[in-house]
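Worksheet for the structure shown next.
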Amino acid sequence: MNPYILFTLLSGLGLGTMITFTSSHWLLAWMGLEMNTLAILPIMAQHHHPRAVEATTKYFLTQATAAAMLLFASTTNAWLTGQWDIQQMTHPLPTTLIIIALALKIGLAPMHTWLPEVLQGLDLTTGLILSTWQKLAPFALLMQIQPNNSTMMIMLGLTSTLTGGWGGLNQTQLRKILAYSSIAHLGWMMIILQFSPPLTLLTLLTYLTMTIAAFLIFKLNKATNINMLATSWTKAPLLTSLTPLILLSLGGLPPLTGFMPKWLILQELTKQDLPLTATLAALSALLSLYFYLRLSYAMTLTMAPNNLNGTTPWRLQTIQHTTPLTLTTTSTISLLPLTPAIMTLLTP
């Protein structure tokens, strides 16, 4: 793709997200989401591969449906209450419709079926943008909505954590595993959203850091399925020894960084007298942990098959920029001791 066109599209992507961040009017928020969607579509389809075009089409139809539902719900809210302000959502009908529309946009269960298929059809760089940056604008809107009861948010969150765990168990494609990982992490954020927004923000930041690190590692190794992870030791032996720490951190294994938000969320749910919700969420984390253990095992404890048809990739000088990978890997491994300082900064 021409660098000027790519710069224009990425600028549109950032501008659309910023418009949604800074808007207090539903029409402007909807316009920012639409700019965001239209800017990423050419980036997704840039390779002109049938899988990429199929993924782009699925993504466009899903996002268009969610945007239409969002516009309809905000117009209904203005008709019923005379309010266009995002923080003045008082009627339960448009509030419920908007939550469903935003859940469809970010891929929460049971509106999640498009996300693994779309992510599987993209390259790892575009998949990284889809899994991180594209979640920010809808989440900014979700954090501003205060529904009358939080039962729907908790049900969406629990369904997502369980679906993300179960769905990733039998996958061999890394992009689909990361998609189900995204669904599970978004579920944890939705469970706690109404009780502690700063904790949701902390969970989102740690998720972004860990996911960026995982995507960049797979991109450096040019790995798209579990079997290709077995050859990573010849390409980057030091990184291969650190990767299980990042994968298990995504799974929430103590004493790694991913354990921090899950522990704080379970603590907050217990304080809110929701022991059953906390128990189900904790059990769903075990499902996610299993397939991260699978990836760690395949990467560090298995050997690549040596046959005459394939050659083992040897260590070559990489042409990729490794600074983002270094920063996110260091953050993922070392953020847990900084938990008290981070919580002090996030607590108003």
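The backbone N, Cα and C atoms fix where each Cβ goes, and this holds for glycine too.
Worth saying up front: this structure is predicted, and the values here are computed from it rather than measured.
What TrEMBL records for this protein:
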- 23-287: domain 'NADH:quinone oxidoreductase/Mrp antiporter transmembrane' (DOMAIN)
- 289-343: domain 'NADH dehydrogenase subunit 2 C-terminal' (DOMAIN)
- 60-80: transmembrane segment (TRANSMEM)
- 92-115: transmembrane segment (TRANSMEM)
- 151-170: transmembrane segment (TRANSMEM)
- 177-195: transmembrane segment (TRANSMEM)
- 201-218: transmembrane segment (TRANSMEM)
- 238-256: transmembrane segment (TRANSMEM)
- 276-293: transmembrane segment (TRANSMEM)
Report, as numbers and ranges, which residues of the same chain sit near the transmembrane segment (177-195): CB under 8 Å and 6 or more residues beyond its ends.
103, 106-109, 112, 115-116, 119-120, 127, 131, 135, 139, 142-143, 146-147, 150, 153-154, 156-165, 167-168, 171, 203-204, 207, 211, 214-215, 250, 261-262, 265, 268-269, 272, 277, 281, 284, 287-288, 291-292, 295
Are there 3 or more C-beta pairs under 8 Å linking the transmembrane segment (151-170) with the transmembrane segment (276-293), counting only pairs at least 6 apart in sequence?
yes
What parts of the chain pack near the transmembrane segment (92-115), using Cβ distances under 8 Å and only residues at least 6 beyond its ends?
33, 58-59, 62-63, 65-67, 69-70, 72-74, 76-77, 80, 134-135, 138-139, 141-142, 145, 147-148, 152-153, 156-157, 159-160, 162-164, 179, 182-183, 186-187, 190
Quickly jot the same-chain residues contacting the transmembrane segment (60-80) by Cβ under 8 Å, restricted to those at least six beyond its ends, or write none.
26-27, 30, 33-34, 37, 41, 89, 91, 93-95, 97-98, 100-102, 104-105, 114, 118
Quickly jot the same-chain residues contacting the transmembrane segment (238-256) by Cβ under 8 Å, restricted to those at least six beyond its ends, or write none.
181, 185, 210-211, 213-214, 217, 220, 232, 262-263, 285, 288-289, 292-293, 295-296, 299-300, 325, 329, 332-333, 336
Per-residue pLDDT averaged over the domain 'NADH dehydrogenase subunit 2 C-terminal' (289-343) comes to what?
73
